[in-house]
Amino acid sequence: MTGLGALFAALIIVGLFRRALFPWVLALSAAFPYSAAVTIAGNSIIPFHMVAAIACALLFFEAPEERSGAARPGLPALLLFLGWSLFITVTGPFLFAGEPVLNPRTGIDLAVRAQEPLQYTISMFAQAGYLILTVGGVLYLARRQFSLWLAMLPFAVATGLGALNWAMVSVGLTWPSWFFDTSHNVIYSHRMRGGVFNEPSQFGGFAVAAVALFAVAAVLTRGWSRGVLVGLAALAALNIVNSEAGTALGGLAIILAIGAATALWRLVAAGRGAPLIVFGAGGVALVMLLAGDTVLSWGEKILGGKIGSASMEVRSSSDAFSLELLWQTWGLGVGLGANRPSSFATMLVSCVGVLGTVAFVVMIFQLVARARLHPLGAAPIWGLLAFLAAKAVSLPDLATPGMWILIAACAQIAWALPTSSPEITTPDRALARPENGTSDGLERHLPDLAEEVGADPYAGIGRGRRRPGGDLPYEASVRRDRAALRRNPGE
């Protein structure tokens, strides 16, 4: 057991005695995705999976919090994804023995130059075990009511450590890599990589998700919370710049394009979002006016180093090889941990085949479609989409803790809403009145909650307790909405 593992072992004990703290321990562990907690038979287990193992056990000993009448969108697809992934991992090497694959343990450059025959390996069974633990952790969190500050905790911690790593290196101080660089499963690069990540691309991709998560949350909240979130978004943006990773640049471009298209669609289809478009366009214009040359120089430096480089050729070859592998395996895949290309998408289709990939996509779509009905769903949704955008460029790992924490947050929101819940687009529109012309149809079910709910939808970390400032956590408002809908079933 490493020093970090001992720290989380102590936190697990505290969480078991103070059960309300255990979800926070699980979320915190996601901030260290490339550090070992304990090593067994040459395979390092990260803190997230160590804590998730306890969460899986608690699933059988703790009753889920009551959510009568609530749907579970995405759950069947998640279970199908888990079941098929385990099935093809067990049977794939038997069905397609000897098929050339990219060995995850050798590094992508060597794996592309010298493929190895498909066979059962420790890595495959380890990846299957990690997926079981990950899904168990997601279900543990999704069945409980928690503040969205919990979902932002690992991103805040890792973002802060990444910025601290850059500051220490900049002034000539030594980063305590002996405490973080302890996993036998990864290769640690020597470029600026954020301290708790193994390479700049992982650091940059995580930072893209963090920027989206914090920026959207800052738009939805007010007061001191907004100041904290703006500061975290600024640190995450600094981490993107410092990573100098093509993954960060590509992921950022994709999520900005998706965001712009979504904003324009909402404006054209529903006449909403004009202030946000003006604010966003003004912000981009201001950045380009004040630091346009620096931004363009940063982008040109990354693109110039990637386009036509040996690294890009190797990664493109790995993705093309994996698509061919999908064809060679009749669309079934070769199993988790058997093939590791550059992109998350090609990893999915080559390892779990068409069925597994479709199940994963359906799960994400259903969770996002349902969670967007509540204003608090926006932040984890955009954080998750940004993470997936970066992973589509060059982050193939499936068991990425940060991604699954965001999936759990989306599931928690989606599953907390009543089955017949109408759309609530913003906190203000949720409290709208017919006489002011902004009615969504929900306001007639609700009492005047303006003073009770407060201005900050992210306020409160205790379930069902009022903070000194008068704000209530998100879960309390959802329970009231659900109760109001049950009292008025004909509305």
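Residue numbering: from 1, along the chain as shown.
Heads up, the Cβ atoms here are built off N, Cα and C, so glycines get one too.
Automatic, uncurated: that is what TrEMBL annotation is.
As written in TrEMBL, here are the features:
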COMPBIAS  477-491  compositional bias 'Basic and acidic residues'
REGION    425-491  region 'Disordered'
TRANSMEM  45-63  transmembrane segment
TRANSMEM  75-98  transmembrane segment
TRANSMEM  118-141  transmembrane segment
TRANSMEM  148-169  transmembrane segment
TRANSMEM  202-220  transmembrane segment
TRANSMEM  227-243  transmembrane segment
TRANSMEM  249-269  transmembrane segment
TRANSMEM  276-298  transmembrane segment
TRANSMEM  344-369  transmembrane segment
Hey, which bits of the same chain come close to the transmembrane segment (227-243), Cβ under 8 Å, at least six residues off its ends? 152, 155-156, 159-160, 162-163, 166, 192-194, 200-201, 203-204, 207-208, 210-211, 214-215, 217-218, 221, 252, 298
With a Cβ cut-off under 8 Å, give me the same-chain residues at least six positions beyond the ends of the transmembrane segment (249-269) that come close to it. 204-205, 208, 211-212, 240, 276-277, 280, 299, 302-303, 382, 385-386, 389-394
Are there residues at least 6 beyond the ends of the transmembrane segment (202-220) whose Cβ is under 8 Å from a Cβ of it, and what are they? 33-34, 148, 151-152, 155, 158-159, 162, 192-194, 226, 229-230, 232-233, 236-237, 239-240, 243-245, 247-249, 251-252, 255, 276, 375-376, 378-380, 382-387, 389-391, 393-395, 402-403, 406, 426-427, 457-458
